[in-house]
Structures are given as structure tokens and as C-alpha cells.
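So that you can see what the record holds, here are the features copied from TrEMBL:
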- Glu354: active site, proton acceptor (ACT_SITE)
- His353, His357, Glu376: Zn(2+) binding site (BINDING)
- 61-246: domain 'Aminopeptidase N-like N-terminal' (DOMAIN)
- 281-498: domain 'Peptidase M1 membrane alanine aminopeptidase' (DOMAIN)
- 579-892: domain 'ERAP1-like C-terminal' (DOMAIN)
- Tyr439: site 'Transition state stabilizer' (SITE)
Amino acid sequence: MWLAAAAPSLARRLLFLGPPPPPLLLLLSRSSCRRRRLHSLGLAAMPEKRPFERLPADVSPINYSLCLKPDLLDFTFEGKLEASAQVRQATNQIVMNCADIDIITASYVPEGDEEIHATGFNYQNEDEKVTLSFPSTLQPGTGTLKIDFVGELNDKMKGFYRSKYTTPSGEVRYAAVTQFEATDARRAFPCWDEPAIKATFDISLVVPKDRVALSNMNVIDRKPYPDDENVVEVKFARTPVMSTYLVAFVVGEYDFVETRSKDGVCVRVYTPVGKAEQGKFALEVAAKTLPFYKDYFNVPYPLPKIDLIAIADFAAGAMENWGLVTYRETALLIDPKNSCSSSRQWVALVVGHELAHQWFGNLVTMEWWTHLWLNEGFASWIEYLCVDHCFPEYDIWTQFVSADYTRAQELDALDNSHPIEVSVGHPSEVDEIFDAISYSKGASVIRMLHDYIGDKDFKKGMNMYLTKFQQKNAATEDLWESLEDASGKPIAAVMNTWTKQMGFPLIYVEAEQVEDDRLLRLSQKKFCASGPYVGEDCPQWMVPITISTSEDSSHAKMKILMDKPEMNIVLKDVRPDQWVKLNLGTVGFYRTQYSSAMLESLLPGIRDLSLPPVDRLGLQNDLFSLARAGIISTVEVLKVMEAFVNEPNYTVWSDLSCNLGILSTLLSHTDFYEEIQEFVKDVFSPIGERLGWDPKPGEGHLDALLRGLVLGKLGKAGHKATLEEARRRFKDHVEGKQILSADLRSPVYLTVLKHGDGTTLDIMLKLHKQADMQEEKNRIERVLGATLSPELIQKVLTFALSEEVRPQDTVSVIGGVAGGSKHGRKAAWKFIKDNWEELYNRYQGGFLISRLIKLSVEGFAVDKMAGEVKAFFESHPAPSAERTIQQCCENILLNAAWLKRDAESIHQYLLQRKASPPTA
């Protein structure tokens, strides 16, 4: 599953995925008093887990024969289940998962014996289980469990639910669609809804004859339904052995485009009616991706077809149901004229992610949700490998560092982070771990592991793992064993230090010239958002470390495994004038703190670009995080940022922009916010002038991304020439004289709204209403929060909950308001409190509730707000967001400490700059 982005771009705030950056961390030279403050707010420990038991093993399914008949007008469905089951030990009851379903009748027919009718259905709603009681004992052996039931096509975007769409003629209709991961198959039919309880499925759907009906497998029969000439029964082929969370069915109106991969697999992309053209880009990506994975894993794709379908109302970004992958429209559809470059890239990554799961997750499945990270971390890594293969011009691995690696480090530096492997019990705990640790840290440590092993042995180990466990379940240790066998390296010992404990190390390094050699002294300690680690028994990691020098900045001079707290290393033949850098390519999942002399020698490599782009990015990001943590001064980082004046690389600018955005949010709590905007304009205007507004001959994908990023940054900061040009182009766009290119729309919309009035907002809302494409609607929704007037902010918040905004997109509208201004943050928080019942009812039990909370409160920087947020959620519990709430409160305290610590020195530096501007 791909977690939906708050924006479809890898300007790092995406993405999972994801939300705007966690604002801001802090120091720990004052750690003990800060920890006392956390304790006084009750933020130090997660609440106790709810008691939970997995299903008993006395009865298990072999095959589900399932027929469902959805009613697209009354929003109900009827179901008939006949499950071949194995009774392993005598029992007079069968316990299954079941939620929001009413069982009408249930019986068990032992093979060759008489039917036994269940005499009672005991629903345990808290645990989402039902116990079927029988009057006599079911003896060991096989038999058939028959259940007739009814359910509701809900509006919660989980289970079997309804999705609203508008036909080309303007009529509102509903499709019936599914989203079962993690634990919602039980809302569609009673089942053994655990990933390790695999079975085959024979699915039939009884649907109106003018609707498309899809499931995991190909259609094998379509016949009239006896009772109604307007209805047909569609029967699908039997699936391979699979987990319940990967089952899917869709009933609705769709067009499609199709092709065959070079391996002969039928690939289709289903789109809204009339938009088949918009499925062609994803079709091309999917057709290239399937053979890439087949060759990489050396295991063929196991199904005869794969469908990719765009769903109107969809909570996640996409879901990897085997053979029927569901997507948000914005994660699948590309309009050649109206889609921006970042949307194309997003679609390519999401398609790559979900198709990787067809092997890694679907063919071999995690034994339990504790190993979710293995599914998601792996897919989040290999999607980049796949996109790099399909689109080498995207420079996607540099973007990985900004989008995933640094994002994971921000979260993992908190006291309220969690290990990659989390013990999961009750279903309410599963949604909590669909986060940046499972996805982005998981991907980052797999990238580090791949680099440590080497591609050849990594591929060999993956093939061994997939071959050994196909159609079965596996745990993290099983993958380590296969990779260890393939590489001969101590994989389990190394990786356990990264998956079983939370956090990551800060490597401190200092150097000494000894004749013709360089002596390096390395030490590792846990990196904390709150400053230097001061506890007893500091955790240790086995860290693969690469070291490069200016002699050859793109290759490692030395590779070592740091398996102790301190190490001395001698680099042979390094001249005194050569720099030395750790973590070539920013692949190792650690931060580096250089001695001042080493850092001084590296900085010219930023200005003259002799450091590779990904290393320039990593160096700046490490320094920024050290400042957030109070280990160095923020002013030192601002000075380094000024050295990026010649920077040409999109992703380096993206990361720099992100960090300046974090700092701007922090300083919105001061009376010198305008000064930091002047700094932003000074840093970005040279590159803005070089790029201009219009593409030049020979420019490509990354130039388009960079232009949008830079113009948006300058426009938001109020750069006069940018603002004037944005207004001129917006006017021409609205009047139809000159339509804005898709890549310029976000920066122009943002700029005119930020510096506009009620008329501007009305025009934007009109453009939103007129937009036929969801990408354009989302583009507008994400920038509405830039408006500054309290009255207009209120109007935007009201709009967020209106029928005009799809339920999954309300979150990004409210989040945009919270991130738009200091007043917006307060207004968004009040709006959430005032409308909590409706919002919670809409999003409870899914990751969107966590995202909503995170986007809305994390930018605060006053101690008392942490207490207020905590108190609100104590009286309005959101179990699936408990950890997110803890993290938000911690971040608020970190922000407050950062502000107290550095605000004055930042202010003085900015004033001093104004008095004597630096020369480029």
C-alpha cells in the first residue's frame, strides 16, 4: 500500500506519502529538564496495549467460494459464503473475524455427513470477531462452512464501500469498491482475516449488466441472473493461495486501455468513463515494470492479468491487491496537456511500488503485521530502482534521499519514534505503523543493505527468499537468512541493530594528518532530536561506513563496518589539501558531525560543486538537523545555505527549500518573520533569474520541477518581480488568453492567493468547480490555505468539509491552512476541535486521522500548546493516532526550545546581513 501524499511531488513533503515536515527539533544539553517536562505532560510513554488474541487454530480455510450482490442504490450487499475448511481438533464452535456484518444463517457440512446448523452467533465487536456455536461437536477432517449474510456499502473508505463519481452527463452515481488492508476484509465477508491464514478464492459478483465487475482474477463466466434480467452474475477464476487483505472487487462504470507485457501478461488500466487516454502513461510504466521485476527476482509474475484502476474516493495512495491494484485518480491518471512533471513522477513511483508487492507481499507475505515494514520498506526502496530503470533522466536516487531518507530521520530522532519491527496485536494498532518508519526508514536501511551486500548477491538472495517462501508467509529473519546465504556476510547481526531498536547513530569524526596519511577518529552515539545523548547504556549500531576524498569524490576510498562505539582508521596517501567525507552518496542511515576543520575543508565543495549533488544535500541536511537539535548554532547553517548560490540540482534545492520552510514556520512565532523571507529571496533569486519563467530548448523533467519549486518559493516570500509576473499570467490564464502550463500552475496559484484578496479566492474556487481533472482540483485544494485574511481562512476551512472536496482530500485542505500562516495554524486547530465528531467519524481507524492531526498541530512552538493538544485527545481519544499525538506534542516542545535557544542569534544575523549584504 502506498500512503497518499499531501502533494504528489517529491519536494519531500509530499508523498506517503507524505505530510509536511515534522517541525522542529531541539537540544539536549538541557535534556534532563526537557525530559522532566515531557513526563509532566505525560508524553514519555505510550499507553498500554489493548489485550488481544489471534484466531484459534482449530479450524482453518482451504478455499472461499464467495458470491456478493451489492445494491448501488440502497448501499447494502448480500453475501453467500461456502468455505472449504479443515477442522484440526474437535470443537463445537468456529471463531472468525467479522465487523459490521449481520449473519442470517450459518451451518457446517462435514464431508460425507449431515449439515449442522449453528445455534448462536456471538459477536465480539471490540475484537471484530464472531463465534459460531454448534449443537454438536465438529470432528477433525474437512467440510464446508456455509454462511448467508448482509452488510452495508459504507462511506468510510474501508472494507466494501461506496465511491461517489459523476458521469460525463453530470449525474451522481456510486461504485462499489474495496480496501481491505490491514484488517477490513472482515467488513465484506466473515473470514479468517489474518495474513498467515491463506486460502484460495472463487469469487462471483451479481451486478447490474451495464456495470464493469472486476476481481483479482480473470472472468471465466458471465451469465444472466435468474431473478432479474437487468442483472448478471460474473464468475472469476480461482486465485492462487493468498491472504484475505489482498482480495479485491470493484463494480462501477469504467473505460480501459490495455496492452501485453513482453512476458505475455495482459495489462489494463481502468479509468473514469471518457478518460481512457489518461491511463496510457501508467499502462506504459506497468508494461515496462512487470518484466523488470520478473528479471530482477528471476521469478515470473504468477497471474494471467493485472488491472490498475482509478477509484474516486480512496484513502490511501494505492493498494496492491493481487491482480487488481486500486489507486487514487491522482496516482494513476496523467493528462498529457494538464498533468505536471511531478505528477508523472509520482504515478511512476506508485505503479512501481504496487507492482513490486505482487511478488514481495503477495506471493510471499509477512507472517504477521509486526513484519509489515518488510513489505512496505522493500517496495518503497525497489520502486526507485524500477523508476531509475524506466526513467533514468529523473535522477530518482538523489530524490530518494530528500523524500524518504531525511524524512525517516526526522521522525526517528524523536523519543516517541518506534523500532522498524513493532509488536502488533489489536487491529487498532496496525494502522499506526503505516508511517515513515515502516516505509521510509525501512526503504533506507534496505538501500544501505543493498549497498553493503552488492547488487549481484542481493538479487541472488532475493530469488532464494521468494522461491523458498512462495505462496507462504515469512518473517524478517527469513529474508536475512537468504541474504546471508547469498553474500556470506553477517546480515542478521548487522540488520538487527537497525530493525529491533529505534533511532540511528550520529557519527562524530575528527582527522589528523600523519605524514602522507590521514588518521580518522570515529565515535558513534544515538542521534536525538533533543540534543546530545546523555543516558546510560547508549544503543550501538553496526554501521556500514564509506569514506571518499576529493581525489575521487564519486568512489569510496575505504569501506568499513563500524561495530564498536569508537574506531581509528588510517587512510593511506591523502594529501593535507584534500578533503575527506563520510557516507558517500548519503546511503548509510546515520548523521555525521565533522570537526570544525574537516567541515571547513568540505564547504568549498558546495560552492564549486566538486562534491556530488547527493553529498551536498546530505551535508546540508545533517547540519540543519544538528542545529535543530541544538548541537550547533542555526546561524552556522544559514551561512552554509548561502554557499548554495551556484547550485543547479533540483533535489538539492528541494531539500534546502524544505528546511527553510521549517525555519520559516518556526520564525512565524516571532516578530521578525519578514526578515527570514528576505533571506529566502536572497538565496533563491539568483537561481530564479537563471531559470526564468519559460522552458528553454533542451530542458527536461528536472528543470521543470526546479522552475516550479523556485518560483513558488520566491512568490510565497513576496519577491516583487515574481509576484507581478504571477499575477499577469494568472489573469491571462483565467481569461483564457494564455493557459498556464501544468508545471507553473501550483507556484502561480500559491503566489496570487498568498498576496491576494477575497476576489482571488473566489476565482480559485470557481476554477476548482470547473476542473474536470482530479489532479487540478487537488492542486488548488493544497494551496487554498495560503490565503492570509482570517475571514478567508474560515471560508477555506468550511469549504474543506463541503461536498466539493472528496473526503480523502479534506485533510490536505485543512493541513494547507495550518501550514499557511500563524493565524491559519490556530484557526485549523480550532476548526478540528469544533468539528471533531464529524472528522473522527469520517477517518477513525485509518491513517488519515493521524495525518490530519500531524498536519494541523505540529507547527506550534509554545510549550502550553503541547499540554492543550494532549488534553484534547485525552478527552477525545483517537486510538489509531496515539503515537502520532505523542510525536506531535514532543515536536511542539522541541520547537519551543529551538525558538528560545536560537531566535535571538538568528535575528541578529539577519539584521547584520541586511546592514552589510554578502557578496556572491
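Backbone N, Cα and C define each Cβ position, glycine as well.
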Just to be sure I understand: of His353, Glu354, His357, which recorded positions have a C-alpha no more than 10 angstroms from the C-alpha of Tyr439 (site 'Transition state stabilizer')?
none
Could you tell me which of these recorded positions, His357, Tyr439, has the greatest number of Cβ atoms within 10 Å of its own Cβ?
Tyr439
Between Glu354 (active site, proton acceptor) and Glu376 (Zn(2+) binding site), how many Å separate their Cα atoms?
10
Would you mind checking how many other C-beta atoms are within 10 angstroms of the C-beta on His353 (Zn(2+) binding site)?
30
Chain-internal residues near Glu376 (Zn(2+) binding site), provided their CB is under 8 angstroms and they sit 6+ positions away:
Met1, Phe434, Ser438, Tyr439, Gly442
